[in-house]
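Written below as structure tokens is the structure these notes are about.
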Amino acid sequence: MTTSTTIMSSVPWLTILGVIPLVGSLLVAFVPGSALMAKRLALGVSLLTLVVGVVAALQFDRGSSAQFQLGEQYSWIPQFGVSYALGVDGIALVLILMSLVLTPICLLAAWRDLPEDDAADERRVKTYFALLLLLETFMVGVFAATDVFLFYVFFEAMLIPVYFLIGRFGGARRQYAAMKFLLFSLAGGLVMLVAVIALYIQGPGGTDGFLVERLTGLSIDPTTERLMFVGFFIAFAIKAPMVPFHTWLPDAATESSPATATLLVGVLDKVGTFGMIRFCLQLFPEASHWATPVVVVLAVVSVLYGALLAIGQTDMMRLIAYTSVSHFGFIVLGIFAFTTTGGAGSTLYMVNHGFSTAALFLFAAMVVRRGGSKRIPDYGGWQRVTPGLAGIFLVAGLSALSLPGLSTFVSEFLVLVGSFPTRPAAAVIATAGIILAALYVLLMYKRVMTGPKPESLAADGVTVDDAWRKSSGGVRGFELPSGRRIVDLTTREKLVAAPLIAAFLVLGFFPNLALNAINPAVDKSMSHVQNTPAAGNAAEGSTR
């Protein structure tokens, strides 16, 4: 059944995908039982959600001309034209699948994040895992919403679990990081809310006046359209994060638990760039052309500034956070190139960045858990003690620097190829970011895994050579005076690493698995933004 340009589904797949982790979150939080039982339940719920997501994805018709598929629509607040409307195009589909894959990986990685010594500790563990599942519900909702107001609701709802995940389960400066994240996000949400209200006033009215399909192609006064574009764009640029709206990210990522940081940077930040395609380009095509010179400059600055700051960091988690600022600059550049190749590359980049950043955060956390420090100078020579961990850490780094054969290379290549025809100067300058990426990744790996060796392992008074001699002498690992053990990869850590490395290889060698779904959706968005009176003037200006 089809309504407008949405193919409706007889089975509410997208609602089911949101309800399963929501119910699971409540069960994990409130059903009596041990912390171990709660963790197993959370992991089982996330795996069930992933299976249902794969089944739903198999219903997606890549050859369909409809704007959205797997659609659902129910009247919610009819007097204001608000509907509970869900649907996916190829862009939303791949981002939802990425979210569903990363959630169980993060839950498994978080298995030992919190102590379980007494009843209070067990309650904290249950709350922690329940919040991670609740976040999964909102991640599905924000990518699947096809009603602008419903999208805004999910966009703001994501703040609730993330705030508590950072503020209650983070590091020493967790309260500061959580409040900074909240204030930046609320500021962005406020300006977007003003734009949403203006969109309602300008909109077609009716009981479904907030549907994306009905708002696309709306005739709006140019000044009003530009103001609404700015409202949406600022909210998305904060979430993305782009320079100069990025300053909340390093603190949030550094003070979060590894699982929270992974979902924050690997998934939630994609909502910003996803929103630029879905809403900025779709609803405000003229204003998108008007803002392009400034946006492209910010994108290029993000590429270079993020990379340069990453090179200078001594904190592993902070370094990884700044690499994301650089990578998002590439993504935004591809989007505002207004070409199908650039847009498809940016969308694929979102997926690949999700996996590569997840690997960097989670693998770095494995190092920190062993060494007891996030400071890079506290390490050196760990390749001798933990060769398996060193190996997967290197693969994650090579993916982040876009080594050919690994996933990020294809997306970065498509972004640059798609940007050269319309933004040649920006594409040339941004290419320097690839060289800088090699510097920050390889320097971090060299300092942590190869040498020079520090005199002790994170101030434990034990040399790396001592650890190597004892661990290679038939002893599984080496116990430091502090009680920590220096061991290579555990079975659980291998299970965390395996799907991430598999994603690098599969998407690196077979990118069409994602691009076949992405390309039609991107082509519709780019065709829409190209077929505006401003497009000709913008194209002429870019060649001068």
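Glycine residues also receive a Cβ, built from the backbone N, Cα and C atoms like all the rest.
Taken straight from TrEMBL:
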DOMAIN    145-431  domain 'NADH:quinone oxidoreductase/Mrp antiporter transmembrane'
TRANSMEM  12-34  transmembrane segment
TRANSMEM  41-60  transmembrane segment
TRANSMEM  80-107  transmembrane segment
TRANSMEM  128-145  transmembrane segment
TRANSMEM  151-169  transmembrane segment
TRANSMEM  181-201  transmembrane segment
TRANSMEM  227-249  transmembrane segment
TRANSMEM  261-284  transmembrane segment
TRANSMEM  290-312  transmembrane segment
TRANSMEM  319-338  transmembrane segment
TRANSMEM  389-410  transmembrane segment
TRANSMEM  495-518  transmembrane segment
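The transmembrane segment (495-518) makes contact with the transmembrane segment (80-107), as judged by at least three Cβ pairs under 8 Å among residues 6 or more apart in sequence. Counting Cβ pairs under 8 Å to the transmembrane segment (151-169), the top-ranked stretch among 41-60, 128-145, 227-249, 290-312 is 128-145. Residues 14, 17-19, 21-22, 24-26, 28-29, 38-39, 42, 45-46, 49, 85-88, 92, 95-96, 99-100, 103, 106-107, 110, 113-114, 151, 153-155, 157-158, 160-162, 164-165, 168-169, 257, 259-260, 263, 267-268, 271, 274 of the same chain, all 6+ positions outside the transmembrane segment (128-145), place their C-beta atoms under 8 angstroms from a C-beta of that stretch. Tertiary proximity for the transmembrane segment (41-60) is limited to same-chain residues at least six positions away from its ends with a CB under 8 Å from its CB atoms, namely 9, 11, 13-14, 16-17, 20-21, 23-24, 27-28, 31, 33, 69-70, 88, 90, 93, 96-97, 100-101, 103-104, 107-108, 129-130, 132-133, 136, 517. Taking every recorded stretch in 80-107, 227-249, 261-284, 290-312, 389-410 and counting its Cβ pairs under 8 Å to the transmembrane segment (12-34), the highest total belongs to 80-107. The transmembrane segment (227-249) is not in contact with the transmembrane segment (80-107), judged by fewer than 3 CB-CB distances under 8 Å for residue pairs 6 or more apart in sequence.
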